[in-house]
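Novice: Structure incoming, see below.
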């Protein structure tokens with residue numbers, strides 16, 4: 001298209017250097033720790049870690065490449081109200097620190113789902129593990145596929161090369177050792193923000209443009225649950241969502257239980273907040289910079305990009321081409337996001353498979369279990385790469401796969417909350433509650449697909465092409481119900497909707513699924529009536 005740019009060889013060198021260095025880090029730590037022969041050492045570092053490295057790992061594994069690409073685009077389209085997720089972070093960490101962490105840490109569990117057997121029975125544990133594996137493989141496939149697709153639209157990077165190279169490095173990285181690189185991700189953000197601020201004439205100009213364009217919509221306290229982002233949906237829905245991620249998800253729990261004391265684990269959670277705030281503020285301000293730069297010529301409406309997720313790469317190529325190496329640095333930050341998320345997911349998949357499906361039924365030595373855990377990491381890495389490749393031909397099914405992630409999270413949160421806080425619950429009630437929660441969340445998802453929210457509730461804020469210096473037929477009348485789509489790039493439509501719908505729908509499904517799971521899991525009629533009220537309220 002008219003706005004296309006080509007990435008110079010210097011940027012490819014920087015990008016390739018990041019992949020090589022990431023792989024080298026894995027080989028180095030594999031060599032220095034080659035004397036370890038325990039699966040516990042490999043999976044949770046022998047429970048010897050201090051708060052600081054664990055906090056960095058918690059932040060890096062939570063921040064994916066989708067975060068780097070989608071969050072600024074979300075702010076560009078829907079405003080800085082996204083920043084209220086910071087309050088959700090705080091509330092979630094307090095709940096996790098006081099409710100979930102003490103239980104998991106004192107039980108010294110490698111697999112989070114082992115708790116379900118101790119509290120209920122083996123069937124509940126195995127069902128929870130299976131649901132987690134399905135959810136993680138689907139989401140990890142999108143994490144690998146999504147950035148490769150977005151970047152391939154505005155660079156010379158081949159889609160399949162991006163998927164395979166990212167997947168291979170992540171697999172080697174996790175198979176050898178699991179450590180994350182967080183500085184590259186922040187450096188990529190800073191490069192874009194600093195260049196944008198200089199181009200626009202300062203921070204004040206960026207804020208002023210965002211104010212005039214309605215992007216500083218921080219005083220939206222509408223209680224309508226159909227709205228995309230309001231104070232209430234962001235804070236309440238975000239809190240439940242982050243409790244699910246940090247309180248019950250194996251990828252995160254496995255990290256803070258690797259601390260050498262419960263105090264270090266708590267401190268790691270709270271230091272992690274600093275990293276989360278850094279990325280949140282960075283992504284919000286990057287979105288404001290996006291709007292300031294393109295306030296008069298929206299690339300999405302003009303058809304220069306086919307999905308909002310491609311706006312950040314487009315701006316990088318548009319503004320940083322004259323600075324060799326900086327576009328490569330940003331692309332490196334995107335792929336380091338994939339590296340951190342995929343490696344943590346693969347490690348978690350290996351841990352739950354080893355602890356829940358292999359250890360209870362075999363008498364392997366620690367040495368054999370150690371090598372088995374590495375083999376499982378390699379197996380799941382190949383499986384996630386395959387899922388990333390299939391994403392391009394699965395279309396709407398991949399969107400359904402992301403919705404499944406939201407459907408599963410709520411009932412699992414309800415199940416763990418039930419076990420920890422409700423002593424009257426039994427195993428039969430837990431299983432029936434989990435199944436009921438899954439069914440309820442699935443129904444909500446199907447209903448949302450068949451009867452989506454009115455366009456007035458989900459339409460982006462004002463976008464224009466009046467300042468574009470070219471002729472385009474992609475003008476948009478915001479009084480219609482249509483959103484900008486490109487028929488020539490229809491394969492990118494699931495990418496555009498996948499992460500955004502994931503965030504939006506997951507808020508409701510997590511709360512409803514959790515309530516249904518708890519409400520169906522006790523034989524006490526009074527408690528059922530009480531939780532039933534909350535089911536109606538949260539629905």
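Each position is counted from 1, following the chain as shown.
Even glycines carry a Cβ here, placed using N, Cα and C.
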Novice: Name the residue range among 295-314, 355-374, 375-394 that TrEMBL annotates as transmembrane segment.
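Specialist: Of the candidate stretches, TrEMBL labels 375-394 as transmembrane segment.
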Novice: Taking a Cβ cut-off under 8 Å, which residues six or more beyond the ends of the transmembrane segment (229-248) line up next to it in the same chain?
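Specialist: For the transmembrane segment (229-248), the sequence-distant neighbours (Cβ-Cβ under 8 Å, at least 6 residues beyond its ends) are 58, 62, 78-79, 81-82, 84-85, 87-89, 91-93, 95-96, 99-100, 112, 220-223, 269, 409-410, 412-413, 416, 506-508, 510-511, 514.
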Novice: So if I exclude everything within five residues of the ends of the transmembrane segment (269-294), which remaining residues of that chain have a CB under 8 angstroms from its CBs? That is, six or more out.
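Specialist: Residues 51-52, 55-56, 58-60, 62-63, 67-68, 71-76, 80, 82-83, 85-86, 89-90, 93, 96-97, 101, 182, 185-186, 189-190, 192-193, 196-197, 199-200, 205-207, 209-210, 213, 215, 246, 256, 311-312, 315, 319 contact the transmembrane segment (269-294) from elsewhere in the chain.
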Novice: If contact means at least 3 Cβ pairs within less than 8 Å, sequence distance 6 or more, would you call the transmembrane segment (329-354) and the transmembrane segment (81-105) in contact?
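Specialist: Since fewer than 3 Cβ pairs under 8 Å link them, the transmembrane segment (329-354) and the transmembrane segment (81-105) do not come into contact.
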